[in-house]
Structures are given as C-alpha cells and as structure tokens.
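Student: My structure is below; once you've seen it, I'll send some questions.
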Amino acid sequence: METIFVAALVSLLYAILNICRYLHRKSHQRSCCYMLAYQCHVAPDDLKLSTGTCSKIVLRTIISSGVGEETYCPANILQGRETTPSLHDSLQETDDVVFSTLDNLFATSGISPSQIDILVTTVSLFAPSPSISSRIANRYKMKEGVQSFSLAGMGCSASLVGIDLVRRMFTVHPNAFALVVSTENIGAHWYQGKDRSFMLSNVLFRTGGASVLLTNDPSWKDRAILNLVASARTHLSSDEAYGAALQVEDDQGYRGFRLSKDLPRAAVQALVRNFRVLLPRVLPAWEIARYVVVYSYTFCKRRRRRTPLINMKSGIQHFCVHPGGRAVIDGVGRSLGLGEEDLEPSRMTLHRFGNTSSGGLWYVLGYMEAKKRLRRGERVLMISLGAGFMCNSCVWEVLRDVGDVNVWGDCIQRYPPLTLVNPFADKFDWIHEDYMNFIRLEDYDRAQFDM
C-alpha cells in the first residue's frame, strides 16, 4: 500500500511540475535574454599586488585566502596613499576598468554605443554625481533615450541584480540592446585599522570588473553565446541578516567591513530560499519529485540523518560560484555536493584575480570558456552572495561551443597550478582563526538545506 501511495505521489508531482514549467516557458517566450559578449578587465602589470608587496603596505595578508601573486590593486595603494585617497583616484580607478572593458566590447561585438537601449552599472562603494552610468553615456555619446541605472550598495551580488533588471526591462522593450557594467572601488576603502575582524576586505578584494552585452532581438540569437533560462533574487530583511556584513567604523574610528557571527546562518538561509524558487525552474521534474519523496520519507520516519542532497547535476553542468574567498567556495561546494572539478574555475579565478566583487562571476565564466568546457546545450549556474543580506542566482544555456581565451590568454596554460599554497603562510598563519572565515556553511547540518 505504501509503495502504491509513493508511486501515485511521484506521478502527481511530476504532472504538476511539468504543467508549471510549461506555463513558465509560455510567460517568458517574449522576454528572451541573449548574451552576445562580455569583457573582463586586466589591469597593467605595474598595478600587480603580490603578497610580498601587500605585506609591506599593511602587515595583514594573505595566507590561506586562496589569492595568488598576480592580482591587482589601485595605484594609490601601491603608492602608499591609502590614507589620503582623492576623488580623482576613485574616478580614475573606476574609469580604467569600465572604459577598457567597454572599448573592447564595442570593438569585438560590432555593436555601436548609439545602439544601446538599456545601461546598468553596479558599483557598491562609489556613487559619484553625475552617476557612473552618466559618465559612460557621456563618454560614448549614447542616445538620449537610453534607460540608465546606477546600482550601489549591493555588494558582490549586484551584477546578477543587473542581469535580472535587464531581463525585466526586456519585457517592455522589444529588440533592445543592454549593457551591465560591474566593478568595485577599492582604493578609497582600504581598511587602515588593526581590528582583525575588519581585515578580510584587504586580504581578498582586488581591482577588476566586467561589461556584459545582452539583447532580446531574436535575429541575434545565432551570434549569442548564452541564453538566460531563469533567475532568482532573495533578500533577507531580518536584523541579524542585515548586520551580518556591515560597513562601520571600528573602535579607533577606521571605516571597514565587519563580518558578524550571524553571517554563516544568513548565507545558508538566503541560499536555501533562493534555490526553492530557482531549482524547480531548471532541474528535471523527476529530480524534484525524487527529492520531495525522499525528503518526505525521511521526515515521516523521523530519522536523525542529514537531509539528502538534491542532485544539481541532473540539470546543470557548470557552476560559477562567486569567488568571494576560499571559505565561500568550500562552503557552497559542500552544500551543493560539488566536486573539485566543479569548483576549479572559481578557485582559479580567486587565485589569479582575487575577489573583484560583483564582476567576479564573469572571470569564472571566462575560465570555463578558456578551458573549452562550454558546449552547446549545456547549462551554467551562477551563484552570488552579498550584503543586505542577499543571494542572487541565474542559469544560462550555452547556445554554441565557445573557446575564447579572453582575459586568461596570458596564463591559462599555467592553470590549475600544482599548488595554491601561499609563500607567506608561516608569517601570517593567524588568518586561520575561526572568525576570519567569511562563510562556513559546513558548520551547519545539511538538514537546514531544505529545498
């Protein structure tokens, strides 16, 4: 009798999921979102920040963070002016990233700046007036009707907020072209105090960014790289989640980012709630049904075992985990049941470029492309976490085989290296202390990861 009941339940769930998926596809048919091209930023060699140079600037870096010897930082930091950054420094830092990626994007795509209908910029810590989107529109003399947005304060997850915003704008702007430009301003926000709980931003964050070109014009589908299948945004509003990653001043009055003990819990809750929305749209109906039945059976039997993991690879082949730090990558990987090959692109991005905030996911995608891992018909999941507390994700379908070496061209043959061990590990081994971890999902039983 129990077997008959389970079979009936599976059949019912399968039918419901297929109906919901059909209705979802029908509602989104007129709002397709194709990625035509993207460009990541590589700073000049004179801005490279090795751990040796970093230790001379401030004795609080880098060890087991996963960051390598060839990341980049703003000029005012290397010049010893981190205590007195100017507005010119901030503008120059932002312009270098934004304009270099856009110049390359326009040159390689064949799209003119005058064709851009929607412009979204995501820079969390720098909001000048006129806005960054206005600087771009002025630099490239874009048309007067361009719909521009400058998103600030959203941290590392902002780029996918921009992608989702463009997707929504596409529903009312047919045959349009859009840009999402993502970077971060580091030079004016270098922590100068001595409180170790504030130092992680200096350890991980580096100069970088990316520009992404999108369209919903069906005639451009054959030239597109990816097609946006689904996206989901989650924003926790509790006091604990809001204060988990907060820009404040330490006891000596130095401004920085304080990471509280509530951060791991906020990250878990945000990720779980986000996937409850996203996964039914992108995983096979039979996998969702299997998970629900297994979970229900485990719950009914009141077994104390960990909740079974959903099989992410049943509908997704590649995983762009935000390269926010070694602990971020490790924690998300464990929670999703991912292997080292799945996490390699994120680890190598962190090692080569550091945490470039909201632009980091595109370096991860670039690594996959440079390694020729993306094949037509496969799907790519992007996951980002940010202050607020937010979790944003999306799934892309690969439209054609791609293999451009992009920003990895000068080093892709060296990756992955034989070891990621940092040469200053002995000197800075205090960074192993528990409170220095950005996120530790492994501290929580997988039973909390209920889909």
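Cβ atoms here come from the backbone N, Cα and C positions, even for glycine.
Quantities reported herein were computed from a predicted structural model and do not represent experimental measurements.
So TrEMBL lists the following for this protein:
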ACT_SITE  CYS156  active site
ACT_SITE  HIS235  active site
ACT_SITE  HIS318  active site
ACT_SITE  HIS322  active site
ACT_SITE  HIS351  active site
ACT_SITE  ASN355  active site
DOMAIN    29-294  domain 'FAE'
DOMAIN    314-397  domain 'Beta-ketoacyl-[acyl-carrier-protein] synthase III C-terminal'
Student: Sequence gap of 6 or more, Cβ distance under 8 Å: name the residues on the same chain that satisfy this around CYS156 (active site), in order along the sequence.
Tutor: SER124, HIS322, GLY324, ASN355, SER357, SER358, GLY360, SER384, LEU385, GLY386, ALA387
Student: For each of the active-site residues (HIS235, HIS351), count the other CB atoms lying within 10 A of its CB, then report the residue with the highest count.
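Tutor: Comparing the active-site residues HIS235, HIS351, the most crowded Cβ belongs to HIS351.
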Student: Across all chains shown, how many C-beta atoms besides its own are within 10 angstroms of the C-beta of HIS322 (active site)?
Tutor: 29
Student: Do you know the DSSP helix, strand and coil residue counts for the domain 'Beta-ketoacyl-[acyl-carrier-protein] synthase III C-terminal' (314-397)?
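Tutor: Its residues divide into 40 helix, 21 strand, 23 coil.
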Student: Mind giving me a neighbour count for ASN355 (active site)? Other Cβ atoms within 10 Å of its Cβ, every protein chain shown.
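Tutor: 28, counting other Cβ atoms within 10 Å of ASN355 (active site).
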Student: Near the Cβ of HIS318 (active site), how many other Cβ atoms are there if near means within 10 Å?
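Tutor: Excluding its own Cβ, the number within 10 Å is 21.
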